């Protein structure tokens, strides 16, 4: 924590400033090569889906921004073949779920959607982009979650409804660190539990 | 999502902190003339440090609250987790207090070492959006490091109080013969204590407003926090009195303090609910413009 941050919190401004800080989609593209390493070194294949999680805002402008994102993804559907769906989860958070067998197209579409949010002035509401992986051998699931607040990735390997496989997560971190910008501080590796027993976090 | 920064609030907060700071400088200056200050400061420093490091456990203990696991309260945990993510905070410990008074508080000396506590009453009273609003308000306190700021702000005030209370015991120092020095020190301390008490309460109220704004920024929904505040303050009047008195010393931590008739507004740690609601509504309005 820098001096500037300390001063801001002394004056009671940190919460307001950080919660409305713009998203940092800079390192999102790291995933477009990371999926190769995931398969080659760790036997994890992409599940063919990725998702963008955002929290809503109680305003009309925000609803318009979400419509704009949908329109843009709809147009993209014809170019890349990436299909998308939208839904709200049990916690009241919104998801844009993208499906495509080509992981590179997924990364592009996620980036595109995120960019649109930023342009519409709601970048601060973007929470995470989630990329799903599966190990065919034992069906283990693992996710790379990009935190727009931190501007970095972190691994998430749920094993049950509220259990996570920390060993696998640290392994993912050690293998992919360098290729992806991995958040070195595990206290920011927030879980995104799936609602159902063996669904993805976005389901 | 944009709204005007509240420059009035920022200005008043800076002014209050400046006045407190100036008051303390004068206090130290005068005190060092009359008594061996060193011992007092060391003893009180240790005391404050202890308070600083144990305040969270103390607060939880006095509320009969205990930390809860993810599988006991999955929904509460998930909500706190996501709000922390939005606020860019590590997820704090989640605790629940077994009381019907609907309230919440946050403690902890740093963002990495903090706890958010809600009461059973709060979980039963509020709907999801309102609960989110209250939790975000508490996370804003953590983010703004309010426990640390208020501990530091109160440090010399505590010393002043102790000199007023026990000063006659410290007759020592250079002026042993003329006990007059000590009397002056006690009188000065009394004035400092009274003035700093008012200033600290004022500062505390400003920080509540800041946490309201921060909380609204985290959820993106100022109206939900406003309606939560109204729901809680409405419910508070109907909760049995014994319960209220039992917990009145926890007031500074609560999202809404327990009402008290004899303590004037100038001595209260929180702004009146109506004013907070009014400001939150203004924010909600600005978001539509």
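Each Cβ is built from the backbone N, Cα and C atoms, and glycine gets one as well.
Small disclaimer: the values here were computed from a predicted structure and weren't measured.
Tertiary neighbourhood of the transmembrane segment (B:12-31): same-chain residues 37, 153, 156, 160, 163, 184-185, 188-189, 192, 195-196, 199-200, 202-203, 206-207, 210, selected by CB-CB distance under 8 Å and a gap of 6+ residues from either end. TrEMBL lists B:12-31 (among others) with the feature transmembrane segment.
The transmembrane segment annotation in TrEMBL covers B:37-54 (among others).
Sequence annotations record features per position, and here TrEMBL assigns domain 'Peptidase M48' to B:74-283.
According to TrEMBL, the Zn(2+) binding site annotation covers B:137, B:141, B:208. In sequence order, B:269, B:270, B:271, B:276 are the residues of the chain that are 6 or more apart from residue B:208 (Zn(2+) binding site) and have a CB within less than 8 Å of its CB. Following the DSSP three-state reduction, the secondary structure of residue B:208 (Zn(2+) binding site) is helix.
The secondary structure of residue B:138 (active site), as reduced to three states from DSSP, is helical. Every protein chain shown contributes to the tally, and the Cβ of residue B:138 (active site) ends up with 27 other Cβ atoms within 10 Å. What TrEMBL lists as active site is B:138.
Taken from TrEMBL, the feature transmembrane segment covers B:147-168 (among others). If one looks beyond the transmembrane segment (B:147-168) by at least 6 residues along the same chain, the residues whose Cβ comes under 8 Å of a Cβ in the stretch are 17, 20, 24, 27-28, 31, 40-41, 44-45, 47-48, 51-52, 55-56, 106-110, 114, 141, 182, 185-186, 189-190, 192-193, 196-197, 200, 203-204, 207, 252.
Residues or ranges marked as transmembrane segment in TrEMBL: B:180-200 (among others).
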Within 8 Å of the Cβ centroid of B:137, B:141, B:208, the other same-chain residues by Cβ around the recorded Zn(2+) site are B:106, B:138, B:140, B:146, B:207, B:210, B:211, B:212, B:214, B:215, B:255
One finds that other Cβ atoms within 10 Å of the Cβ of residue B:141 (Zn(2+) binding site) number exactly 28
Cβ atoms other than its own within 10 Å of the Cβ of residue B:137 (Zn(2+) binding site), all chains, total 26
